[in-house]
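A.B. asks: I have a structure I would like to understand better, so I am pasting it below and will then ask my questions one at a time.
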């Protein structure tokens, strides 16, 4: 399960790194792929920097996938993915293209895999009896 979480986080990191670097290094070129609105170099570059920051979080989480950072990463992906879905399908301010829909699908699949993997780990941990719980049962049986 740990390997699945690590691979998922690295896939998400690669996606966010790709978009982040292109938005920081070539914002004017990439802007038409992401927006139907007017070009603003500051906003576009800052969005790229934010994606790079999230990418760094995913890489750190993949190195040592503790529950809290994995869940925080999944929530961040959910916010980005649901916002992009709204902008593409409802507000229609993002172009409906292979790049946007493909990135959206990868983002939401990674988010879902992380949430479900963490839920499975929690469920397995709750089903597994602890040493403290076994001791109480033994003492109750001895009486």
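Placement of Cβ uses the backbone N, Cα and C atoms for every residue, glycine included.
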A.B. asks: Please identify the range among 46-63, 118-135 that TrEMBL labels transmembrane segment.
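C.D. replies: The listed stretch tagged transmembrane segment in TrEMBL is 46-63.
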A.B. asks: Relative to the transmembrane segment (70-90), which of 7-26, 46-63, 96-117 accounts for the most Cβ pairs at distances under 8 Å?
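C.D. replies: By Cβ pairs under 8 Å, 96-117 leads among 7-26, 46-63, 96-117.
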